[in-house]
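Peer 1: Take a look at what TrEMBL says about it:
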SIGNAL    1-15  signal peptide
REGION    26-266  region 'Disordered'
COMPBIAS  96-107  compositional bias 'Basic residues'
COMPBIAS  111-129  compositional bias 'Basic and acidic residues'
COMPBIAS  184-202  compositional bias 'Basic and acidic residues'
COMPBIAS  220-235  compositional bias 'Basic and acidic residues'
COMPBIAS  242-261  compositional bias 'Basic and acidic residues'
REGION    358-403  region 'Disordered'
COMPBIAS  358-368  compositional bias 'Basic residues'
COMPBIAS  372-383  compositional bias 'Basic and acidic residues'
Amino acid sequence: MKLLWLLGLITLCLAGSVPTGFENAELQQGPALPPRDALPLETRKSGKALSSDEVKEAAAKMSNAKGPEGAVDITSNPGANGNKCKKNQVQDKKAKGGCHKCKRGTKPVKNQKECVPKGDKDKDKDKEQGSCPKGQILDPAEGGQDKKTKKPKCVPDDDAKCPKGQSAVTRAPNEKNRMNYKPECAKDDDPDHKCKAGTYDHRVKKGNKIAHSCRSTRKAQKDKQNKYKRFFEKVKGKKKGKDKEKDKKKDKNKKKGDDKSRAKRGRAGWCWSILTAIEAPDFGPQDQKDLTQDELDGMLSMWPDKKVPAPQGNGDIPDHVVKIVGKASVSITGTDSAGFGGIFSGLGKAIARIFKKGGKKGGGKKGAGKNGEPRDVLKELKTGGRGKASSKALQKAKKSPAVQKMLKQQRYRDCLLTRARSGGTKAINKPFDGDKASVDVDWSRKKIKNKPLPKGTDGKKIQLWAGDKTDSSSKSSALSTYHDNYYRFDRLLYETCQKADDYKDLNNRITDIRVQGGCCTFYDKDKCQKKTILFSMTDRQDGQLKGKHNDAISSWWCTFDKMCKGAPGI
């Protein structure tokens with residue numbers, strides 16, 4: 001055997017791999033010679049001399065240490081075709097040279113059989129103990145754990161209880177924490193088996209050897225479920241968004257339909273009210289003496305026909321576009337907030353009679369509005385606030401002779417039809433008359449400069465009479481304040497300067513003056529200025545003005561305050 005060893009040494013020297021001068025060994029170091037045990041068994045038995053390649057192969061199996069620069073690298077793993085693989089390569093039979101380069105972000109494992117992520121350590125990550133108790137390791141099936149994980153999930157280190165060269169079978173889930181569990185061990189031909197990120201090495205016994213497979217970790221499964229959940233929520237969110245948009249559109253269309261229906265009821269209520277107030281044909285007291293609340297509610301929810309288009313906006317006709325010529329005998333109540341101005345006595349009586357018994361909307365005061373006052377009913381009628389009529393009310397209206405007459409009345413249809421100019425559509429102005437007054441709707445009119453009467457003054461009014469001769473005022477009609485903003489020939493403006501020219505052209509001609517219901521201050525110029533003030537008068541008459549006051553009045557300013565507080569110059 002010694003002879004064989006010497007023959008091997010001589011062969012290495014002939015190949016030039018061993019330095020010829022041992023006294024200079026530090027400067028010319030070669031690779032360490034393989035021990036005798038590393039030589040192939042066949043060679044040892046045959047007694048033949050080793051070739052230099054055989055010696056290199058034996059030395060490579062013995063050591064993984066790479067020789068110094070300039071020496072033969074006997075530590076590199078040979079490729080699948082016998083060629084050595086470089087540091088960043090792994091064995092591959094199909095690749096040229098028997099090796100292929102690992103992709104970016106990966107590196108070869110120790111035996112250069114596969115590429116793994118660069119973050120992986122050479123040692124088996126599955127066997128990290130982390131903060132687990134002694135004898136236990138981080139559960140590889142859990143995934144996502146390392147030495148920094150607080151309160152990790154741990155499992156017993158069964159491999160430590162197996163003989164050298166063997167590995168333990170992965171425990172069944174119900175055996176994981178059993179302390180008296182005896183590991184099932186078997187020979188492992190691939191102890192360095194690696195799995196991709198998100199998976200772990202699951203081992204079973206197949207025959208008398210360990211078989212490896214990579215299975216998803218619980219963390220990977222959970223991440224996958226969360227990803228699916230997020231995707232599902234995203235899709236659900238989009239669907240919900242579409243449904244929400246659809247519902248929003250549906251609600252918008254419903255609201256649009258409701259608004260249109262309310263606008264129709266509002267316009268119908270306005271027209272019924274004004275025609276009843278002026279006692280137009282088919283709308284007089286005798287025509288409506290038997291009309292019930294249900295019949296009226298039903299009428300306001302009915303539209304004559306498609307030839308009459310739905311009104312614009314909320315269906316209201318603004319006060320300032322309406323001119324009333326002539327007047328009812330008594331004005332009882334009403335404000336702008338009620339939605340309709342000066343309520344004529346006939347209308348007030350009609351509302352009180354119709355709603356006193358109630359109907360579908362309620363009885364007594366409830367049927368007549370929230371406070372039981374005619375003005376509250378009027379506001380509901382004019383704005384469509386009474387709501388859509390019940391089927392019972394609609395049926396009663398259809399059977400009512402009085403309702404059918406009113407629906408066919410041309411004045412009522414004209415009132416429903418009137419509208420402002422819109423886009424390329426011309427304004428439709430309509431006049432309609434009655435026994436008490438005539439009404440003219442003209443959408444080109446501007447708002448009247450007039451201060452609304454204060455709250456709490458329902459039923460109150462200020463009146464002013466004037467004449468150009470002594471004691472002649474009683475022979476003329478009075479100017480009156482109104483709780484509306486309609487155009488009226490006999491309107492007395494409230495707390496607003498008014499010219500005498502507006503009243504029978506009496507500028508600088510007034511001799512007799514009378515005020516009732518309030519206080520008026522008079523001026524000798526038409527702008528109600530402090531420097532032109534003449535005098536004030538509260539609830540009295542002067543049949544013959546004297547001195548500079550006679551034939552000097554050009555304007556006045558009136559209020560409910562008895563001392564004319566607020567008037568220019570007071």
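Any Cβ shown, glycine's included, is placed from N, Cα and C.
Curation plays no part in TrEMBL annotations; they are all automatic predictions.
Where in this structure would I find these features, and how exposed are they?
Peer 2: Only residues 6 or more beyond the boundaries of the compositional bias 'Basic and acidic residues' (184-202), in the same chain, are considered here, and those with a CB under 8 A from a CB of the stretch are 109-111, 113-114, 116-117, 120, 124, 126, 140-141, 143, 158, 161-163, 165-170, 208-210, 212-217, 219-220, 223.
Sequence-distant contacts of the compositional bias 'Basic and acidic residues' (220-235), counting only residues of its own chain at least 6 positions beyond either end whose CB sits under 8 Å from a CB of the stretch, comprise 143, 198-199.
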Peer 1: In the compositional bias 'Basic and acidic residues' (184-202), how many residues does DSSP put in helix, strand and coil?
Peer 2: 0 helix, 7 strand, 12 coil
Peer 1: Quick one: DSSP breakdown of the compositional bias 'Basic and acidic residues' (220-235) into helix, strand and coil?
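Peer 2: Split into helix, strand and coil, the compositional bias 'Basic and acidic residues' (220-235) gives 16 helix, 0 strand, 0 coil.
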